[in-house]
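In TrEMBL this protein carries:
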type	residues	note
DOMAIN	1-90	domain '2Fe-2S ferredoxin-type'
BINDING	Cys42, Cys47, Cys50, Cys72	[2Fe-2S] cluster 1 binding site
BINDING	Cys112, Cys115, Cys149, Cys151	[2Fe-2S] cluster 2 binding site
DOMAIN	206-393	domain 'FAD-binding PCMH-type'
BINDING	Ser325, Ile326, Gly327, Gly328, Asn329, Asp341, Arg404	FAD binding site
BINDING	Gln746, Phe777, Arg890, Gly1064	Mo-molybdopterin binding site
ACT_SITE	Glu1307	active site, proton acceptor
Amino acid sequence: MSLVFAINGQRFELALSSVDPSTTLLEFLRYQSPFKSVKLSCGEGGCGACVVLLSRYDPVLQNVEDFTVSSCLTLLCSINHCSITTSEGLGNSRDGFHTIHNRLSGFHASQCGFCTPGMSVSLFSALLDSSSSEFTVLEAEKAVSGNLCRCTGYRPIVDACKSFAADVDIEDLGFNSFCKNSLPPFDSEKRVCSFPEFLKDEMKSIDSGMHRWCSPGSVEELQRLLQGARKANSVGLSVKLVAGNTSTGYYKDERDRHYDKYVDITRIREMKEIRETQNGVEIGAVVTISKVIAALKEIRVEKMFGKLAAHMEKIAARFIRNFGSIGGNLVMAQRKQFPSDMATILLAAGASVNIMSLSRGLEKVTLEQFLQGPPLEDYYDLVLTIEIPFWHHRSSELLFETYRAAPRPNGSALAYLNAAFLAQVKDRMVINCRLAFGAYGTKHAIRCKEVEEFLSGKLITDNVLSEAITLLGKSVVPQEGTSNLAYRSSLAPGFLFNFFHSLIITEKPSSNGYYHLDQPKPLPMLSSSQHVPINDEYFPVGEPVTKSGASLQASGEAVYVDDIPAPANCLYGAFIYSTKPYAKVKGISFKENSVVPDGVLAVISYKDVPKGGQNIGLKFSFGTEPLFAEDFTLHVGQCIALVVADTQRHADTAANLALVEYETEDLEPPILSVEDAVKKSSLFEIYPFLYPQQVGDTSKGMSEADHRIISSEIRLGSQYFFYMETQTALAVPDEDSSIVVYSSCQTPQYVHSSVAACLGIPENKVRIITRRVGGGFGGKAVKAMPVATACAVAANKLQRPVRTYVNRKTDMIMTGGRHPMKITYSVGFKSTGKITALELEILIDVGATLGLSMLIPSNIIGALKKYNWGALSFDFKLCKTNLLSKAIMRAPGDVQGTYIAEAIIENVASSLSLEADTIRKINLHTYDSLALFYKDGAGEPHEYTLSSMWDKLGVSSNFEERVSIVREFNESNIWRKRGISRVPIIYPVSMFATPGRVSVLSDGTVVVEVGGIELGQGLWTKVKQMAGYALGLLQCDGTEELVDKIRVVQSDTLSMVQGNFTGGSTTSEGSCAAVRLCCETLVKRLKPLIEKSGGPISWNNLISQAYAQSVNLSASDLYTPEETPTQYLNYGVAVSEVEIDLVTGQTFKILKPLIEKSGGPISWNNLISQVYFFLKPHCFLIELLDFHYSQSVNLSASDLYTPEETPTQYLNYGVAVSEVEVDLVTGQTTVLQTDILYDSGKSLNPAVDLGQIEGAFITDSEGLLLTDSTWTYKITTVDTIPRQFNVEILNSGRHEKRVLTSKASGEPPLLLAASVHCATREAVKEALKQLRMWKGVNDSELMFQLPVPATMPVVKELCGLDIVESYLEWKSSVN
């Protein structure tokens, strides 16, 4: 028997007996096919990066069914006779890109590009679904609702989807590269996915029992199979029943289990049908959730079915519902206590279940009995069908509603609590009811029968509801250990109140609004506006050209590290990490009775570091960090070993089976908090030159204050990077004991040094290559180094290529995240709100090792100084704990500094009973105070635009008018409150040394190398534009189209040395500056040829002449900023000019000052180390070092040109206004509108900068690093972005000393997201006022801290966990 299927029209045939039935479609696509557009990101069906289109032909009906599936969960054997379409199957660079690819590119909807192929397939599937009708804007918004993106902020993706809608207003579409009045036509034929004819011809009956994979076609056939398996079970035969296999996304340990037989039950006719009878609907257990939804929507007999369908649409994502079955969901709930929505809503609907038992035969039980019964035995008991009854009662009215509170309102997230209520009502009297609750930390969904009995036969009044809620509290009790226990319990009264309240109130709302329930209105459609200045002064710089390679990314042809074809004899690695914070490691073994894959070859540990090498995984100027734990583990998540096997699956399985033996006797208890660290003096030193400078005299400022807040406390948690591409590397041994490593990193130069030091080989035998990175956000800087180094050690040991693609769980556990901290502050202020002094004590949890944490204090203060505090003092402590070492994450320290500043402002406002906006405005800087706080970084007076931007955005966003509207809304609504806030930012950045090389080839095309890495920030795009501009100054025919001839190539550390660090928001600028220098050199060389030509000459002819005359058409340079005002510290900086003349042999003339400075003999290696030392890995460090930038030595170029009058530090300004609405029953916060005004100088590419601004703002601060999967860590999705998102880029054009007057855009806008948090606090404040009024509390001061992140449980707790009970009690008292 063969397994036959098609991928992008190409036929594949595999011997079924040779296929491991546990192999997923994703594994086959990535490791055994040429198609790499399908990406592995989460491996849980939670992100959409691996989505493909599956087409299945029905020979009876002779039609084709097309739907998306998550290939990481879909078993390969389940696609027999199916056709798979990936993004490169839709279109590609060879056959022509699909319209979808071009639209995503043209709408600037791809940044890092890792998620874009999955987005393309999801959109294509949505278009297919609507092929018989017009595609609408509403459908467009839902098209990619289950796909995650960490870069773009979703707005441009949604606009690209909307561009296909028949009812879209083109004027409403966001900024794009197409003509405003029309879009390129969409070929309707491309809306049809053709099914290969050869698959139709090969459709045959399938042998049901010859192999490990069986596909019975009837219940009888299934019974025979299972009975045979039962008899064989005495010898340990294990069987797995398979429908959609989506359960393995949640129960990941299932993947490591070995089964002797897989039984595919999706072909059994009785189990895949939906039948409507006189009494109800019977649904086969293997019917997919998507098909159940479609069928229920068609039932018009009762509204209940439509509401069931609507709720089911919030279960998982569409590509999971398309393959996951209704029966599988219920079995997970019954057998494994899965927090199912399906079980809860069907329990309320009165569903029953038909079961086939090998021991008991066929039986029918209610769903309630099914859930309460003992767990079904693996394959002895099988759910055949589910029945949902009709509730025909002419004498009474049927009420039915479903509820859920979840981090994502429209699905793809487990609920904190779900509920469904059915009630038969006559004349507002409850005849009977069914009240079901689930997912709140209980074994399964339950009915609250005591409450049901109490309400039956009663008229609903406030008192009756109050008593029912009291009874409910005894029933809905989460188990101990459940997260957010009190919050989950508090949701039940709100849902019950919401359902029955309509039976009490019939009259119109009263004027004060306290006698009606706010009926939630549907959210408005997503809308946006962008005001983007176009600057053609330096054409093509300043043009909004589409991102370089965007269409390649959309089609999936863009190559990331894990897309590189595996070399011959390649092995795969998986990390074994510590599960103890501080313990002695005694040994590593595998769990007893576990099946360790045969392909495991080695377990690499510190003992395998070669002789002469060092156990180093990270090498920076601040020191080194170990690659592998040696005798002791220092923290949870520390790397202990690397398992190496023949496949990634085998390596991951073996790592999961690894058992590390620990010993903790006679050891000090681990340090797990900053308080313990301070108590035990476990602190890292901060170098004096990195310590920020205090401002003014805080003692004097405090004495001048009218009011003081003393020792107030703020705590900030951590945050995970959640780049779409996890850590990955490939190490290949090369000749002469050298090694080549392909690394997905932001710091190739430092990966290079780390690998060389660990292997104990010269750096000229190490080569690090990085083409592009699927998202970094700082996580691919330091944390990528040990991943690459571990692969290098294994490859060196085994003398075979070794690669790893770290699974999401391991990545989340090992890579750390943003620094948590505890802040204690005292602030003095006048009665007017003018702040006179601020004193801070900040305890930063660094973790077990230092990394780059020494940079965090200065960054915190840099962002916090956006307000004029009068005087500012602080005491920082870098706390060394036995927790995972933290990393520098997008805007490291700056984010925390912003939230600290806003918390203080709001506390001052509350204590004075003034609006926070008033306090903010009073304390905005004048230029004089800006210069006092930021020193030379403040620039010239005309560069300070923040105060005018504050006023400008106030007008354009109608801020004052909206404040009044929000106030009116809050006065007339009980259960929903709104808040609006305006927040400024100041973000210091610095330029740093960046190399570049430009070479012109004989056909006139240009190749460019830069030290910066393309992370999705558009660096390559800006570099191409800069090269086009700088070479275009030759003004010969053809240079106006030069950008199309330019290609930026991958980073190679042996080709482009001193590549430095991609981060800090200025690498694009630095790379552009370096390329401009190179181009200027080439222009000087080519100009004499133009002059000799005596007339117009084309670009290609010019280059031909240059080649004929042996003109050197390759130039490299190192952009080195001078006139360096040291950030935060008032240090002077010396500047000197130097020259290198390679022609005359005076190569080392530049090094003489360093030799002289050393004061004595110095070795070659120490001399070169000093050169590299002063090219520090991050702009934050460079701007702090008080050293001569003349020591930035170009070691690969024939020239070193130092641009004059270029300060390395400057300030970025922005303002945002955000308005939110909070649901007081659930704590859910909806961002209604955000308006951003951001000063980008004269943008190098406004389309790229717009994407950076929007993407940075949307980068969420929800989710703590206490989680290890997409099930529990939730980043922002399409349904959680601002419903109205307006962005204006200010073209200030006043920055002549910048790179073509541009400014940074990568990290600063992230700080503007604080406006959402501040607006949420305003809404919570209104809720608290209301709650206090109900409780009779007259305290006018509302002093409270809104934690970051402001999750639903956090918001609800502040608004009042007992808010419903308090309302009913108050209402009873006023009546």
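Just so it is clear, glycine is given a Cβ too, placed from its N, Cα and C backbone atoms.
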Rounded distance in angstrom between the Cα atoms of Cys72 ([2Fe-2S] cluster 1 binding site) and Arg890 (Mo-molybdopterin binding site): 29
Candidate binding-site residues Cys50, Ser325, Asp341, Arg404, pick with smallest Cα gap to Gly1064 (Mo-molybdopterin binding site): Cys50
Residues that sit under 8 angstroms from Ile326 (FAD binding site) by C-beta distance, when 6+ apart in the chain: Ile283, Ala285, Val287, Thr288, Ile289, Val292, Met342, Ile386
Spatial neighbours of Cys50 ([2Fe-2S] cluster 1 binding site) among the recorded positions Cys115, Gly327, Asp341, Arg404, Arg890, Glu1307 [C-alpha, 10 Å]: Cys115
Listed in sequence order, residues not in Gln746, Phe777, Arg890, Gly1064 with Cβ within 8 Å of the centre of the Mo-molybdopterin site Cβ atoms: Gly776, Gly778, Gly779, Ala781, Ile888, Met889, Pro892, Leu1015, Thr1062, Gly1063, Gly1306, Glu1307
Averaged pLDDT, computed only over the residues in the domain 'FAD-binding PCMH-type' (206-393): 90
Listed in sequence order, residues not in Cys42, Cys47, Cys50, Cys72 with Cβ within 8 Å of the centre of the [2Fe-2S] cluster 1 site Cβ atoms: Leu26, Lys39, Leu40, Ser41, Gly43, Glu44, Gly45, Gly46, Gly48, Ala49, Ser70
Local Cβ density at Arg890 (Mo-molybdopterin binding site) - other Cβ atoms counted within 10 Å: 22
Between Cys115 ([2Fe-2S] cluster 2 binding site) and Cys47 ([2Fe-2S] cluster 1 binding site), the C-alpha gap once rounded to whole angstrom: 8
Rounded inter-Cα distance in Å - Cys151 ([2Fe-2S] cluster 2 binding site), Gly327 (FAD binding site): 37
For the [2Fe-2S] cluster 2 site built from Cys112, Cys115, Cys149, Cys151, further residues of that chain with CB within 8 A of the site's CB center: Ser110, Gln111, Gly113, Phe114, Thr116, Leu148, Arg150, Thr152, Met724, Gly774, Gly775, Gly1016
Cβ neighbour count (within 10 Å, all chains shown) around Cys42 ([2Fe-2S] cluster 1 binding site): 26
Pairwise Cα distance for Arg890 (Mo-molybdopterin binding site)/Glu1307 (active site, proton acceptor) [Å, integer]: 6
Cβ neighbours within the same chain of Arg404 (FAD binding site) - under 8 Å, at least six residues apart: His311, Lys314, Asp341, Ala415, Leu417, Asn418, Ala419, Ala439
Protein Cβ atoms within 10 Å of Cys112 ([2Fe-2S] cluster 2 binding site), excluding its own: 27
Surrounding CB atoms that lie within 10 Å of the CB of Ser325 (FAD binding site), all protein chains: 28
Cys50 ([2Fe-2S] cluster 1 binding site) CB neighbourhood, other CB atoms within 10 A: 29
Rounded Cα-Cα span from Gln746 (Mo-molybdopterin binding site) to Gly327 (FAD binding site), Å: 46
For the residue listed as 'active site, proton acceptor': intrachain residues, at least 6 apart, with Cβ closer than 8 Å: Arg890, Ala891, Asp894, Tyr987, Val989, Gly1064, Ser1065, Ala1256
When distances run from the Cα of Ser325 (FAD binding site) to each of the binding-site residues Cys47, Cys112, Cys149, Gln746, Phe777, the nearest one: Cys47
Binding-site residues near Cys47 ([2Fe-2S] cluster 1 binding site), in sequence order, restricted to Cys112, Cys149, Gly328, Asn329, Gln746, Phe777 and a 10 Å Cα cut-off: Cys149
